[in-house]
Ligand code: PEP
Ligand code: MG
């Protein structure tokens, strides 16, 4: 539907900033294929038409390969190599041509039927690699079919600069490849504050709003769109008046960013002198550079799943080693906490399906069932520890036995490396993510058997409240400030300290100004946020004194609802730190962001 008139759609702001651009409506390509019986005299021409379509698809893929390689690195272009190989598969090509000639059918139908027949064993296979490849088969066939049908293919890698991506959803593997240089903003119908696509947008500093109902129906290709990543608005076809009104917001935002940039060199130390380890969450080695640029003290969470998902296949031990070693060297002696694969949940490996993925085969559970994959990763991390200050962290721990089992596998990996004479840090520290209620409740026991804890508030919130972190229908119930979540965070911090180890938080809670206030009140040692948010977090940490934060939290913990907690935090922040509050809430974002 095209709009002559302006339309304001509301959603959840997940990545700050404003963007003005042109809609690129991303819809998965589902071609409509008809079967036609052809006369014998046109069959040779039909075969030629098929060959031309394959050639055109190949040219396109080669161009795409060159671009992805240039912009994102060789690693990420690799899946296009796979697609090129699939496209050129002799059997598929000759069988399709045979189908056209012998059965007298149109090229689209012949190609689709041939692919289905030849790839059936692959898609039905239990071998993960084959299942993953089925995604590439779908991509390749869509490309050829689009040429045959003369239709447009929606491709996120081929958008024009200044595009605002509008989609129902984006799998994290696609989101991982979003190119900030071209994509100004992102608006999704699905998702919640801490869905991995939202986190990826934040990491790439692309203003994003999710949970925007029916935006795909309302928007049309090329429509002007304004994304307000503060208030959570997608404004379709904004009026001149609206654009003018936003001018001052754009400027204010720029001024904020500039004033924050002065903080890069400053230490993240509270007003009363407590040093907080303010680190960065990264998913790719390129983000480590951004982390340093923004003044991070280290990498608090390296999400390694994207190395897998962006490649669309399991990375080898050597490939992982190269990535981890590169980051370790870049960070020099600063800590780099590598989290082992947290696949599953919403970072699902293509081809696997579960009715309840967040409660199913995820994180360590999946790794224990793929021991070779897991040990390969452990060896890669260990090897990289010879080049910097690397630590290992395990996700999705829900029982002490899992930590013990994972540690045994680390020992095994160490023995293997020693045997081969490969160097690694013998003292390498092992930490646990506390992101299930059971881990938080068992924090005392866990703390006795590891070197640090890092609270994964994104999952801890979802599992404590039984609210899917990526489901827009229940997004209102997803609340970090729910007293139950706060209690678990507080008791985890206290447990770590009782056992003399440090504790951090690497979920999105630490990117929320009010969340930082809470964490300072609970006595956290470390926080890890998206690289681009480090200056803002520093600003907050440097303004607040721990005594005030403790007092505020003593009061907050007596309250019964998340809303009451947030109201109190906001009120106290305004009362005790008016300048900070003014800075934070100047864009009147407080209500929409935290309320
Ligand atoms: C978390 O759950 O808070 C976390 C940091 O991990 P992820 O968002 O990758 O699940
Ligand atoms: Mg998590």
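Here the Cβ of each residue, glycine as well, is placed from N, Cα and C on the backbone.
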TrEMBL annotation, phosphoenolpyruvate site containing 303, 339, 458, 459 - matching residue among 289, 313, 469, 473:
469
Which recorded positions are spatial neighbours of residue 506 (active site, proton donor) here, meaning Cα within 10 Å, out of 196, 303, 339, 458, 469?
458
With DSSP as the yardstick, break the domain 'Phosphotransferase system enzyme I N-terminal' (10-133) down into helix, strand and coil residue counts.
84 helix, 16 strand, 24 coil
Looking at the binding-site residues 303, 339, 458, which has the shortest Cα distance to residue 435 (Mg(2+) binding site)?
458
Return the residues near residue 459 (phosphoenolpyruvate binding site), defined as same-chain residues 6+ apart in sequence whose C-beta is under 8 angstroms from its C-beta, sorted by sequence, else 'none'.
345, 396, 435, 436, 469, 507
Between residue 196 (active site, tele-phosphohistidine intermediate) and residue 458 (phosphoenolpyruvate binding site), find the distance joining the two CA atoms and give it rounded to the nearest Å.
10
